[in-house]
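Here is the structure we will look at.
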Amino acid sequence: MSGGTFRGSFLIRVASQALSDDGNAWSLRRKRLQGHLGKDRQNALNYTVPVLSQQRNPKVTAVVFLPSGLIMRFATLAILSLVSGAFAGNCGPQNGNAKCAATECCSQYGWCGTTVDHCDAATCLHSFSGVSSSCKPTSTTMKTSATKPNTSPATGFPNAVPEIDVCGHAQGGVTCPGAGANGYFYRCCSSAGHCGPKNDIQDQNLYCGDGCQAGYGKCNNMKAPAEPTAPKGTAQAGEDCGPIVNKKCASGLCCSGSNFCGTGADFCGAANWCQSKWGQCN
């Protein structure tokens, strides 16, 4: 190959090794294909590509020169893909039941944020918003037949479980409110600063025993309330369930230890106190 004929072309060298009948002879073929590639021959990528051959065990190596601009374009797209995935911030039942950070609201479209659109009380998903966010349940966010036609009410019970989860001195002096029959649930502030017990499966001593913060709730021992005898309502994904609201999750959904309907390990696993009386459990 002469020195001046390489510009504007690329070379695919095809080395095909074929064993002859006596097992000692080798044949070598070389093909040159011409094509315009521009001036950036130095930016080359090596690929091993399959080529059909009638000979046995062909080995083909193609040396392809790509323009630097194209390489940079590929790199930029790869970086943007990684960045967008890292900061997506998805939440809600359509995104693996993920919950937003403490001060962020989960919008109706499943995105975490703090804007008016994210925290609109009429549309935000309070069950998947942070505990300190401005997304709070109202009379319009309690899932009615207008928004959840398959949801049935449970009369004589609260419409929602307490929004409060953290409590105590380290959490700004938040006090556990108590909920359910005789205020049994969410009444004690544990040493770790959480209100409980949240259901009738949890041992109340986890919250009301050693280290219970007496100034931010009760620290007494009570008999767990009996299961409600009234007909159970039905709750959909992301809605409240369990003995406090007397609602059972719809078919295929699990009622988590925190009294929300959903799917996955956080809702259906025994380690998270999945409530088999109020939904499906693994």
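Backbone N, Cα and C define each Cβ position, glycine as well.
Keep in mind that this is a model prediction, so the values were computed, not measured.
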* Looking only at CYS91, CYS119, CYS167, which is named in TrEMBL as the disulfide mate of CYS105? -> CYS119
* Quick one: which of CYS100, CYS124 does TrEMBL link to CYS112 by a disulfide? => CYS100
* Per TrEMBL, cysteine bonded by disulfide to CYS261 (from CYS249, CYS274, CYS281) -> CYS249
* Based on what TrEMBL records, which one of CYS241, CYS268 is disulphide-bonded to CYS254? -> CYS268
* Structure fact -> Candidates CYS106, CYS124; TrEMBL says the disulfide mate of CYS91 is CYS106
* Structure fact -> Candidates CYS105, CYS254, CYS268 (disulfide-bonded residues); nearest Cα to CYS112 (disulfide bond) turns out to be CYS105
* Which residues, sitting 6 or more apart from CYS261 (disulfide bond) on the same chain, put a CB under 8 Å from its CB? -> ALA235, GLN236, ALA237, GLY238, GLU239, ASP240, CYS241, CYS249, ALA250, LEU253, CYS254, CYS255, PHE267, GLY279
* Asked: Near the domain 'Chitin-binding type-1' (238-282), which residues from the same chain, at least 6 beyond its ends, have a CB less than 8 A from one of its CBs?
  -> 92-93, 96-97, 125, 127-128, 143, 148, 150-151, 154, 156-161, 165, 179-181, 185, 198-202, 225, 227-228, 230, 232
* Structure fact -> For CYS105 (disulfide bond) and CYS268 (disulfide bond), the CA-to-CA distance in whole Å is 24
* Structure fact -> Cα-Cα, CYS100 (disulfide bond) versus CYS91 (disulfide bond), nearest Å, comes out at 6
* To do: Find, among the disulfide-bonded residues listed as CYS100, CYS106, the one whose Cβ has the highest number of other Cβ atoms within 10 Å in the structure shown.
  => CYS106
